[in-house]
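Annotated in Swiss-Prot:
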type	residues	note
BINDING	Asn6, Arg17, Gly216, Gly237, His238	3-amino-2-oxopropyl phosphate binding site
BINDING	Asp8, His9, Arg45, His50, Thr102	1-deoxy-D-xylulose 5-phosphate binding site
ACT_SITE	His43	active site, proton acceptor
ACT_SITE	Glu70	active site, proton acceptor
SITE	Glu151	site 'Transition state stabilizer'
ACT_SITE	His215	active site, proton donor
Amino acid sequence: MRFGLNIDHIVTLREIRKTYEPEILEALFIAKNTHKVDLITIHLREDKRHIQNEDVLRLLEISPLPINIECSINAGITDFLCSLKNKPSKVTIVPENRNEVTTEGGLDCSLKGLGEVIRAYHNKGVEVSLFIDPLKDALHFAREHQVKQVEFHTGVYANLHNALYSNANNQIHAISALKDKSPKELKEELHNAFLQLRKMSKEAFFMGITACAGHGLNYSNVKELLKIPSLRELNIGHSVISKAVLVGLEKAILEMAQLIKR
């Protein structure tokens, strides 16, 4: 299983104060020196709430690890990434809403202009991945557009797992739709969410598409996904950075890697 580390929230801390620290390149090399991280993931948002264009340029210039850039189909973002001399190892196209706190679901594959953006990256020799819900129609869209990799949105699975097996439902930001569900209901829905991820990962494999997954994964809920043999990569960020605030980035990475790479 490949471990993709999302370091957006290193930059979130910097941007809160509009200052120079923490340094994203220091985070990059801490990750690299653990010898456990396979790629670095960043999300270049339209609103630039964390990662900036300059961060992209600096990372691509010196990173010893592959860089996966998440982005929308915004024309300005697409033009910027297609113009880069140093190319990312892949671009993962994600849905984006300026009012969202974080990505809320998989990509709408009927989105106008999506096919053109995929072709633009392919024409520049950049691998494309699509961040999708684990649905067959989305996989068929990927295959029709010669997309060789997808990342399944694991938010539904992760939220259900957290509601059932942690104190998430008692926290200030508890998900209202899950608070009133019984443990039996949560367990059944969690089981179904896992089965859907497993089924679509297998479907992707038979289509010749590499299946990755991410969103909301943490030290507790990630373990079950390791039982899906056709999943090849997990992208995890917020949970690792949250633990890093308390124990340090290196230790937080190593603890996650111990779970993923056992």
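Glycine residues also receive a Cβ, built from the backbone N, Cα and C atoms like all the rest.
Feature map: annotations from Swiss-Prot on the structure.
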residue: Asn6; record: 3-amino-2-oxopropyl phosphate binding site; CB count, 10 Å: 22
residue: His9; record: 1-deoxy-D-xylulose 5-phosphate binding site; CB count, 10 Å: 19
residue: Arg17; record: 3-amino-2-oxopropyl phosphate binding site; CB count, 10 Å: 8
residue: Arg45; record: 1-deoxy-D-xylulose 5-phosphate binding site; CB count, 10 Å: 21
residue: His50; record: 1-deoxy-D-xylulose 5-phosphate binding site; CB count, 10 Å: 21
residue: Glu70; record: active site, proton acceptor; CB count, 10 Å: 24
residue: Glu151; record: site 'Transition state stabilizer'; CB count, 10 Å: 28
residue: His215; record: active site, proton donor; CB count, 10 Å: 25
residue: Gly237; record: 3-amino-2-oxopropyl phosphate binding site; CB count, 10 Å: 22
residue: His238; record: 3-amino-2-oxopropyl phosphate binding site; CB count, 10 Å: 16
Next item on the list: Please name which of the recorded positions listed here, His9, His43, Arg45, Glu70, Glu151, is nearest in space to Arg17 (3-amino-2-oxopropyl phosphate binding site), Cα against Cα.
Entry: His9
Check: Do any of His43, Arg45, His50, Glu151 (recorded positions) have a CA within 10 A of Asn6 (3-amino-2-oxopropyl phosphate binding site), and if so which?
Finding: His43
Next item on the list: Sequence order is fine: just name those recorded positions in Asp8, His50, Glu70, His215, Gly216, Gly237 with a Cα within 10 angstroms of His43 (active site, proton acceptor).
Entry: Asp8, His50, Glu70
Next item on the list: Would you give the longest CA-CA distance, in whole angstrom, between residues of Asn6, Arg17, Gly216, Gly237, His238, the set recorded as binding 3-amino-2-oxopropyl phosphate?
Entry: 25
Next item on the list: Among His9, Arg45, Glu70, Glu151, these being the recorded positions, pick the one whose CA is nearest to that of Gly237 (3-amino-2-oxopropyl phosphate binding site).
Entry: His9
Notebook entry, point to check: Checking the recorded positions His9, His50, Glu70, His238, which are within 10 Å of His215 (active site, proton donor) at the Cα level?
Noted result: His238
Check: Counting every protein chain present, what is the number of Cβ atoms, excluding its own, within 10 Å of the Cβ of Gly216 (3-amino-2-oxopropyl phosphate binding site)?
Finding: 21
Next item on the list: Sort out the sequence-distant neighbours of Asp8 (1-deoxy-D-xylulose 5-phosphate binding site) for me: same chain, 6+ apart, CB within less than 8 Å of its CB, listed by position.
Entry: Thr41, Ile42, His43, His50, Ile51, Gly237
Margin query: Rank aside, I only need the closest one: which of the recorded positions His9, Arg45, Glu70, Glu151 has its C-alpha nearest to that of His238 (3-amino-2-oxopropyl phosphate binding site)?
Written below: His9
